[in-house]
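Enquirer: The structure's right below; bear with me while I get my questions together.
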Amino acid sequence: MTKNSNHDENEFISFEPNQNTKIRFEDADEDEVAEGSGVAGEETPQDESMFDAGESADTAEVTDDTTSADYYFDSYSHFGIHEEMLKDVVRTKTYQNVIYQNKFLIKDKIVLDVGAGTGILSLFCAKAGAAHVYAVECSQMADMAKEIVKANGFSDVITVLKGKIEEIELPTPKVDVIISEWMGYFLLFENMLDSVLYARDKWLVEGGVVLPDKASLHLTAIEDSEYKEDKIEFWNSVYGFDMSCIKKKAMMEPLVDTVDQNQIVTDSRLLKTMDISKMSSGDASFTAPFKLVAQRNDYIHALVAYFDVSFTMCHKLLGFSTGPKSRATHWKQTVLYLEDVLTICEGETITGTMSVSPNKKNPRDIDIKLSYSLNGQHCKISRTQHYKMR
């Protein structure tokens, strides 16, 4: 289902959600001014760029808490995932611009980098004049981060601590700034946000800064007959055999892929806004209403979720979007295929609710409940579907 974006890789279009706050979305070298979004359920104009039972407790599968944690951290020991993130210019350059263009947030401050990986954010902070940076990384990449810090001459400024943020002891009672790239697919996959909130509550001084401090989740609907036929309907006849029993399971697995903006059929709606500096851990579990209005006559095969992130403490508000009309990121978008093909006419609406919560067995996974209805001229339907991101 991977599609090619119509705009040049260096082209960025303004994003205009409904809010009075101006946000300048950053890419590699170009700046665009846009407006942020605020209220769940309100229309968010398409992101026109910058701103993805019954098992035993002793099972050997990743559903066991200890095993799942080990699996999660081990996955970040591989160089490939760090290469992908570092080469994500939207992601990495935005953080760099936030730090370098707003040194007043970092200079002479004690900084905590949660989930430091290779230490790139810590290096940015050290170069921007941080008094000291504590880079916490649980995976084996922590050993490489120490070498990277030493190779770049910042051993006296950056201390790499290997371990879980919930288990390590910082050599300082408080920090002035917490920085982290905690976002996963669908914003919340891998549940690293909880670690950031833990660090905030334990170490951040009153009035301290969290970077980024705002995130929002959005929803739209797309036509995607070709890919759904290839990936879902495929199970109806496999070399002449009926394997349709797999379809329901396949439908429950959200697809992370890049969506062509030409596939978009409806407007986009804000599902959830999170203030990382104030929210509690439980706020990441939510039920939000939505109303998607068709922009043309077409078929709908899936709903698509994406997220935006912003840094509101900067001189000029910075951030980025992972939506279909933005420059592609390694997060891509999250596609939720519908059991039925919806025939919709321009102006008709799909209404419903989406419930999101961590999986009870493995809190790094996400359970999604989607209820939707369409009362249109050619299609009348009301259905509830369940999805599991893992």
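Cβ from N, Cα, C; glycine included.
Here's the feature list from Swiss-Prot:
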| type | residues | note |
| --- | --- | --- |
| REGION | 1-59 | region 'Disordered' |
| COMPBIAS | 1-10 | compositional bias 'Basic and acidic residues' |
| DOMAIN | 69-390 | domain 'SAM-dependent MTase PRMT-type' |
| ACT_SITE | GLU181 | active site |
| ACT_SITE | GLU190 | active site |
Enquirer: Cα-Cα, whole number of Å: GLU190 (active site) versus GLU181 (active site)?
Expert: 12
Enquirer: Mean pLDDT across the domain 'SAM-dependent MTase PRMT-type' (69-390), rounded to an integer, is what?
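Expert: Value for the domain 'SAM-dependent MTase PRMT-type' (69-390), mean pLDDT as a whole number: 95.
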Enquirer: Just how many other Cβ atoms lie inside 10 Å of the Cβ on GLU181 (active site)?
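Expert: Counting Cβ neighbours of GLU181 (active site) within 10 Å gives 22.
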Enquirer: Look up GLU181 (active site) in the DSSP assignment and report helix, strand or coil.
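Expert: The three-state answer is coil.
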Enquirer: I'd like the Cβ neighbour count for GLU190 (active site), meaning other Cβ atoms within 10 Å of its Cβ, all protein chains included.
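Expert: Cβ-Cβ neighbours of GLU190 (active site) within 10 Å number 21.
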